[in-house]
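Sharing the feature lines straight out of Swiss-Prot:
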{"type": "REGION", "residues": "1-789", "note": "region 'Interaction with NBN'"}
{"type": "MOD_RES", "residues": "265", "note": "phosphoserine"}
{"type": "CROSSLNK", "residues": "274", "note": "ubiquitin cross-link"}
{"type": "REGION", "residues": "521-570", "note": "region 'Ribosome-binding domain'"}
{"type": "BINDING", "residues": "543, 572, 576", "note": "ATP binding site"}
{"type": "REGION", "residues": "1021-1045", "note": "region 'Disordered'"}
{"type": "COMPBIAS", "residues": "1021-1043", "note": "compositional bias 'Low complexity'"}
{"type": "REGION", "residues": "1101-1198", "note": "region 'Disordered'"}
{"type": "MOD_RES", "residues": "1103", "note": "phosphothreonine"}
{"type": "MOD_RES", "residues": "1116", "note": "N6-acetyllysine"}
{"type": "COMPBIAS", "residues": "1147-1158", "note": "compositional bias 'Polar residues'"}
{"type": "MOD_RES", "residues": "1218", "note": "phosphoserine"}
{"type": "REGION", "residues": "1218-1247", "note": "region 'Disordered'"}
{"type": "COMPBIAS", "residues": "1221-1239", "note": "compositional bias 'Low complexity'"}
{"type": "MOD_RES", "residues": "1270", "note": "phosphothreonine"}
{"type": "MOD_RES", "residues": "1273", "note": "phosphoserine"}
{"type": "MOD_RES", "residues": "1277", "note": "phosphoserine"}
{"type": "MOD_RES", "residues": "1301", "note": "phosphoserine"}
{"type": "MOD_RES", "residues": "1331", "note": "phosphothreonine"}
{"type": "MOD_RES", "residues": "1345", "note": "phosphoserine"}
{"type": "MOD_RES", "residues": "1387", "note": "phosphoserine"}
{"type": "MOD_RES", "residues": "1576", "note": "phosphoserine"}
């Protein structure tokens, strides 16, 4: 019954708000005194009765007119703002929604500055604004006005924004979609706006969660991007980063992919789950992509530790096809790659992403050849930085470092066919991208993919997986061939242009290579006749059945033409072909464009025209016949009715459009040009130019003619450029770009001139296009010289024109030309004052347009446009910078030096002020300026003098404003444009790309031979490969037999371990030794047996020829210096049964650099703990069962330790004699290929004995940390600086229970295991468990190891044989043989992978590319301008900022701790979250029934004081009514005083209130009380029974409680507040609503209480309530009369007006 009653009552309440009254026309006499007008308006608005709503509406609208007329002036208005607001707020209480809307509008016009807003908020009008937003009564007009008012409040002063309105907006944002609220998007937009202006109030109220929740709700990329960008903006700056919970909030957008059981809403029906999941995938994908498009997003998702990027890549390793499919789409989008079609056929998928595939925009009716060429032909810029390359390189490096390539290998070999195909193409694309844009240290190991190769070659893995791997390798080979070939033109028109350009440049015929195949034929008449017969042309007239391949061969036959062969058969052959091709025959011309043979027929047609040309006089007649027929067809096509003629002639759909190619072919030959002139073809085409509606014919004309010779073709082009329609002029202008990129001969002589003419076209689009093409053309110095020679006017073209003019300064000729006119000095001043800053806007706008949905406003329109259309791999070529152009020559450099420009810029970089956005922009401007200066050798010298590059590097790694780091990455790329710049960055552990764009993929240097010679001359490291490979290298290790790892040495008994260590100690003298003593530890286990012979050979191969062995009898091996003791060590192990913490007393390096030396004995050390923050592992941290060694590894033998220690060096040098077989590093381990150190640390928290899986990693990266080891190092702890990737299923296995304590040491194991690639075991049962276990561990413990391992078959042999196999099993006895078997698959190209590498030749230089010297490419300014830190994690480190709420917890005695304070202290910002102490008093209050039932009831028990009003938080400041009493000094009537003042209660005995003596026990009728106390107090009664309670009368004894006594009013107030507070919880909501409805029904006057309503509004503003609950509560109070507030307004209006001041001023 209660539920039914509730529904009826709410319905009735809603009807009240629907008043469709229109505005009554109320005249406003603006000539009257403004104060009189205002008084009249306010009196009408404030009257409770006697004024219709329509009239009130008119008066409110007059108020806005009056304000607009006289402005904001209390003197003129005659009222204080407080008085005006007290009257205006009554409009918000009106029953008509139109009046409320007008009241909100009036307030919006009134609030002009912070002082007025403060007064509005002081009078608690925000409660009423929130009420307008909350109540849903189809009152969109009112709510729209409320939201507009809210936005005005944000604009005026966001820092004053009230939490009451914020909570209301957030409630709509959270629950609006379920409620079908049409204002939900508007509210979310306002929350975003507010978050940028006042993030604290949004974060405090849980608004950031609302924004992120809506990211997953929204499938519109523009909105989705705006939402996530709001969060990213907060993460960008250290001051606002505190409002976003680290590692929690941003990662929510990953949940649909990383949580397999993700449900966005618990209410989703089972039938809709799949559809809902797809929607979440789409929204999440948009959010992830937008996040990776910003620096804040990249750095937060890629930061070391348990990062979002690791979660994403880790999920690839779990065999869930739906997730894998979705994630692959995300990855394609992140890297801006075209998505292949869904198919099981690799070739079909490959063709779908071929850049040369047909696109709709290439049709004749659309962009045609100009659009196709822009896609296919490369940009002219060879070394101009494309900022998209820098961005993609950074993203790619981060993904590769976190194991993406290995994750893809797992997807390829263990997924459905269509997913496997997509993953293969993605892998190919990423490898291609890595080779093109990644520096050596990030890419030198990518071309091997040992894991995939080993899978394809090893027979130890399942056949299906092996076949998949093999197929993938074949597919990658096909992909490689496609990339090597480059994009081929689709249309014959573009192919024709390119081939002719190549032919003229190389001075040879385009078909020369094809003809080589024909030379083998006997050049005899007999052979020709046989071919004529076989071609079928002479046999029958079925044209399409002729042998067109043979026809083409005959036409290209050397020395065969009509002049040389007079045979009649050849003439018949020609006549038949001529008849077929003539338009009048309607044979060729009527064939469909989509015909399979269409291209071949056209190519043969072009060859036919060339054949007739070569035949000279004999063929002239035939050719003239053909050309005249084409002219006749042309005249007919360009008839009076173009639409009809196009339709009839089928120009758009048939091969007739290819007749223009015949004309184009003729225009390439001098004789052909004469023929075209003779037949009036040029005249016909010239006539076309001026015709309207012939766009298609003009496009074909422009695209077909040859312009390499001066003649009529250029005249036609020039006429089309100037006289044709807008569309044709634009197309012809775009075609000039085609000619530029195709490298048409002498373009600088005539093309530049045509482009300069187009700059003055009246159509801005055309002039802008011409300007863009000129900008590209000026990449070529010849074109730039030609442009300077023409001295064009560019100033009318805005910023782009200015930037093109600045290009003149890069060469002395242009500099002199502009300097003579005083232009240079003016520009230097202009750039110094404003343009350096404007340059930042220019670049960031281009980047935004390329990376986001943002689109540049058109023609000065300020409206920011967004587009859902996805751009195909856009380019952002760096705009020209004044300083960057000047430094190309000595004069310009001198100019910059004289003006001290660089000194000032360096000062800005060294002392940045990051508090204001203006200062951040100033810093960016300085960085861009310095980067441009450093892009030439001249300028670089200036930067070196100032020594500013280290400061830029420091900003790139440590700047707390994350977007500055991004700018630094771009800027350092500019410095890497020259060889000198690359070398400087190399010294600071930044690696650069050392090639230009003119080198096609794959990048192969000219001096490969020299490289090979250098490689072969270097002594080898330990080579883990077959004898044949070793011998090819002439290395010292060639004498090692293939069984070198079958080491057997039983000196230490059967339970000892054979473990390889590689310990490089920089300051120690290199030596090899065996350690006695600790080696005998029983807790160790072996990898394989050993023999002294082989062992010695290994030692020999590992030792430098000039150094001596240290015998095993010398335990000390020479005394180590104290320096040696303190130096950091790099350790690689194949397995570590134990951990030994370095316990040197002098060990003082920073915690981020501590290394663990893994030994069989456990030596805890407190001293190490003191040295830094990395916890040490003491004796109690790891406990091994005594039986561990003997039970598990009975069969195995001794442990050998091999140590290489490099010689002392002032820099951190890594020697080549490293024990390394990493097939992913082309034989260059991270030790021998980078100037960095590697540390291993173990997290004690990760040594949980419940974790049963080996914490291994799979990643194709090599880890390098380039921190110098100083005690002062302030880098973050290892838990942040090291990353771990997940192992794909099958690449690692679960440890047995006995081995669980090994988990932590095994983290370091990974390093060496990564370097030995063997074969997989087939124990599939551990796959899923191991992977899931690792996922859990990653979330629980940030692992502390660097992860550079690969999921290789070899690693699994090691792990499974030594750890998971049973001790006595046959499998474990075969370890050595399996080990060797695996070794045979450990390499792809053994010469590349396992060859010895000399420190001087290949350290930090690309295995293929980096040997290419600048001399190879010529010029110094030749690289693409891209640099990355050797350890990419360097730029992903962020200082932990504590979450802001921890700072706001009030002290225990504070009022805020007692209850809900005004600033919301201590409140949770989570949805529905209440801090426990916030409302504990209200929650602990006894219900009304309990109080009545108490035997010992007394007034003092439930009244807090003798003046208790029943309102816990009521004050004069937070009550709508009382605040005015305080403000006005207004004395309410006696009738009103009883509302709030209860000082008279103490005089009334309790017995009088209750009409019964205190001592009588209170009887309860349970069925009648359960409606309130049972449900409200969370009793076990169910909602259904609660709602069906028959009656909820409150009884005292048998009598009903009298509701007119003060005591009862207080109790009812308390009960209402208690129930309202309970509504903020989602538990038993229906019960609490029923309780409130019952009180409403029995005691309706309870809710007619302004103070109670204010208290409830106060609750609503400081607690989180669901939208449904807010609406329910607001509707309960819709009957409040607010009479007292009307009385206050009347009292205000009764005060005489303030007019003396106005009169005096008027008189004076």
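All residue numbers here begin at 1 and follow the chain in the order shown.
Using the three backbone atoms N, Cα and C, a Cβ is placed for every residue, glycine included.
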Compute the C-alpha separation of residue 576 (ATP binding site) from the residue listed as 'ubiquitin cross-link', stating it in Å without decimals.
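About 63 Å separate the Cα atoms of these two residues.
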Given the ATP site residues 543, 572, 576, which other residues of that chain have a Cβ within 8 Å of the mean position of their Cβ atoms, reported in sequence order?
537, 538, 541, 546, 573, 575, 577, 579, 580
Within a 10 Å radius of its Cβ, which of these recorded positions (274, 572, 576) has the fewest neighbouring Cβ atoms?
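Least crowded of the recorded positions 274, 572, 576, by Cβ count within 10 Å, is 274.
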Using the alpha carbons only, what distance in Å do you get between residue 265 (phosphoserine) and the residue listed as 'ubiquitin cross-link' once rounded?
13
I'm trying to understand the geometry here, so how far is the Cα atom of residue 572 (ATP binding site) from the Cα atom of the residue listed as 'ubiquitin cross-link', in Å to the nearest whole number?
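Their Cα atoms are separated by 68 Å.
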If you count, for each of the recorded positions 265, 543, the other Cβ atoms lying within 10 Å of its Cβ, which residue has the minimum?
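Comparing Cβ neighbours within 10 Å for the recorded positions 265, 543, 265 has the fewest.
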Cα of residue 543 (ATP binding site) to Cα of residue 274 (ubiquitin cross-link): how many Å, rounded?
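Their Cα atoms are separated by 55 Å.
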Just give the helix, strand and coil counts over the region 'Ribosome-binding domain' (521-570), going by DSSP.
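Going by DSSP assignments, the region 'Ribosome-binding domain' (521-570) contains 24 helix, 0 strand, 26 coil.
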At its widest, how many Å does the recorded ATP site span between Cα atoms of 543, 572, 576?
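Result: 14 Å between the two most distant Cα atoms.
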Taking all residues of the region 'Ribosome-binding domain' (521-570) together, what is their mean pLDDT?
83
Reduce the DSSP letter at residue 576 (ATP binding site) to three states and note it down.
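Note: residue 576 (ATP binding site) is helical by DSSP.
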If you run the three-state DSSP split on residue 274 (ubiquitin cross-link), which class comes out?
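Going by the DSSP assignment, residue 274 (ubiquitin cross-link) falls within a helical segment, counted as helix.
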